[in-house]
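Asks: Sharing the record's features from Swiss-Prot:
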COMPBIAS  372-389  compositional bias 'Low complexity'
CARBOHYD  Asn321  N-linked glycosylation site
CARBOHYD  Asn326  N-linked glycosylation site
REGION    371-411  region 'Disordered'
TOPO_DOM  1-99  topological domain 'Extracellular'
TOPO_DOM  121-134  topological domain 'Cytoplasmic'
TOPO_DOM  156-181  topological domain 'Extracellular'
TOPO_DOM  203-227  topological domain 'Cytoplasmic'
TOPO_DOM  249-262  topological domain 'Extracellular'
TOPO_DOM  284-292  topological domain 'Cytoplasmic'
TOPO_DOM  314-328  topological domain 'Extracellular'
TOPO_DOM  350-411  topological domain 'Cytoplasmic'
TRANSMEM  100-120  transmembrane segment
TRANSMEM  135-155  transmembrane segment
TRANSMEM  182-202  transmembrane segment
TRANSMEM  228-248  transmembrane segment
TRANSMEM  263-283  transmembrane segment
TRANSMEM  293-313  transmembrane segment
TRANSMEM  329-349  transmembrane segment
Amino acid sequence: MSGFVAGEEAVKSALSAATWIGAASPKYSHLVLSRVFNIYSEYIYANGFKLTRENLIEDFGTRPEDVDPFMKIFGGPNGIATYLTALPGLLPILPHPRNIPIIVPLFCVFTVMTSLAVGLRLWSRQKVAGGIRSFDWLALAGFGLTIIYGAVSVYHSKVSGPYQAFYDRTWDQMKENYKVYLVLTIMYPFIMGLIKISLLLFYYRVATLNYVQWAVYATGSLTIANSIAAIITHCLAFMPIDFWNHFLQSPFKFNSRTPMLVFGAVYILTDVAILIIPMPMVFQLKLYPREKVIAVIAFSLGGVACVASGFRIWAIDEFQNYSGKNSSGLMIDAWTMIELNLTLICASAPAIRALAIHYAPKILSTLPSAFSSSGATRGSKSAGSSGKSKTPESEKSMQVSQSPVIPKEVV
């Protein structure tokens, strides 16, 4: 038998059986479900190849309202004994894939990187742009929630255990896994919406072109609508929402995989829009070539977050519904963590660039000194009135506010 491996359909059947048997056996919720398979088989043989309603309630702890649905799944009172005694014979050829221990390293690395990026952003806003603005506080809130998301993902990794397959876990693990994953699924659209809105508010504050402001309105409205729809959809996918306690009562109202793919695709669309919105303002600036290249790069880093969003959609498509090949959602957690952190890091890049120019102008700019927000405005006015050679106003503005024009709240 050791040379044979169960086919995909057989594996999927065993995975499904594990969830139903676990939900119907509260007395054995602490045991690995493959062991519970054997307990059922041994019990049925010892009981004259029978498994009655009373047996389930008294000896396995099945709730009375769960007995009939449980028996129906396995073919009724006659079929259930046959199925459950045959199931242990499948165990020797079932695969036992392990979870990749990637969540904790990702959490540690990105916590350090994102903390540094957000810290430098706030320092830049305070030192160069004259103070921390409302959109910076929103980004800071998004950063805090991203850290919480990562910490919950670490817990999700812990409760999932070392193995992917449901039959290699206990029902207690399964219930906690369902609970934590639902929390993560609801958290994601809220955090992503918060980060995107903070960036759009920044663009709105620095925009002078009407069509750019309208683009901000449209993208912001789409982002908010998508986030609200995602949260509501995830909450309505299960009724009651604590479906792990009502697993045999058909709590699954619809498959959330397709909506998650749609919401993810809309977020990518907004990523592209946010990437394009500042470009007209950047290209209109009369900067030295090296400075313009740096500005374009700083505002284009969001493309990296777009790529991460694409990989997250791939992970949802691959891992959201269990199959004979995959039965763990930890890769979705991993790509979501990567996407959220990269979005924050990329959103902080323009501010970090301004801070670098402020303290090291010879490295990132041909200008000999740093500027304050008030100095940039007064300098351009005096240049026009006196005719003296001055640094272009547009270049100062970019250094002060990380944008093509001086923010409205700075001047």
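Just so you know, glycine gets a Cβ as well, placed from its N, Cα and C.
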Asks: Let me know the model's mean pLDDT on the topological domain 'Extracellular' (1-99).
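Replies: Across the residues of the topological domain 'Extracellular' (1-99) the model's pLDDT averages 90 on the 0 to 100 scale.
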Asks: Per the 3+ Cβ pairs under 8 Å rule, pairs at least 6 apart in sequence, do the transmembrane segment (263-283) and the transmembrane segment (182-202) touch?
Replies: yes
Asks: Answer yes if the transmembrane segment (100-120) and the transmembrane segment (293-313) have at least three CB pairs under 8 Å among residue pairs 6 or more apart in sequence, and no otherwise.
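Replies: The answer is no, given that the two segments have fewer than 3 Cβ pairs within the 8 Å cut-off.
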Asks: Take the transmembrane segment (329-349) and find every residue of the same chain, 6 or more past its ends, with a Cβ under 8 Å from one of its Cβ atoms.
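Replies: That would be 99-100, 102-103, 106-107, 110, 113-114, 117-118, 120-121, 139, 142-143, 146, 149-150, 153, 156-157, 160, 177, 181, 184, 188, 191-192, 195-196, 198-199, 298-299, 301-302, 304-305, 308-309, 311-312, 314-316, 318-320.
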Asks: Report the DSSP secondary-structure composition of the topological domain 'Extracellular' (249-262) as helix, strand and coil residue counts.
Replies: 6 helix, 1 strand, 7 coil
Asks: Do any residues of this chain, six or more beyond the ends of the topological domain 'Extracellular' (314-328), have a C-beta under 8 angstroms from a C-beta of it, and if so which?
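Replies: Residues packing against the topological domain 'Extracellular' (314-328) from afar: 6-12, 15, 97, 99, 160, 164-166, 255-257, 260-261, 264, 334-335.
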Asks: Can you check which residues sit near Asn321 (N-linked glycosylation site), meaning Cβ under 8 Å from its Cβ, same chain, 6 or more apart in sequence, and list them in order?
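Replies: The list for Asn321 (N-linked glycosylation site) reads Asn255, Arg257, given in order along the sequence.
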Asks: What does the DSSP secondary structure composition of the topological domain 'Extracellular' (1-99) look like, as residue counts for helix, strand and coil?
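Replies: Taking the topological domain 'Extracellular' (1-99) as a whole: 68 helix, 2 strand, 29 coil.
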Asks: Per DSSP, what is the residue count of the topological domain 'Cytoplasmic' (284-292) in each of helix, strand and coil?
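Replies: Final tally across the stretch: 5 helix, 0 strand, 4 coil.
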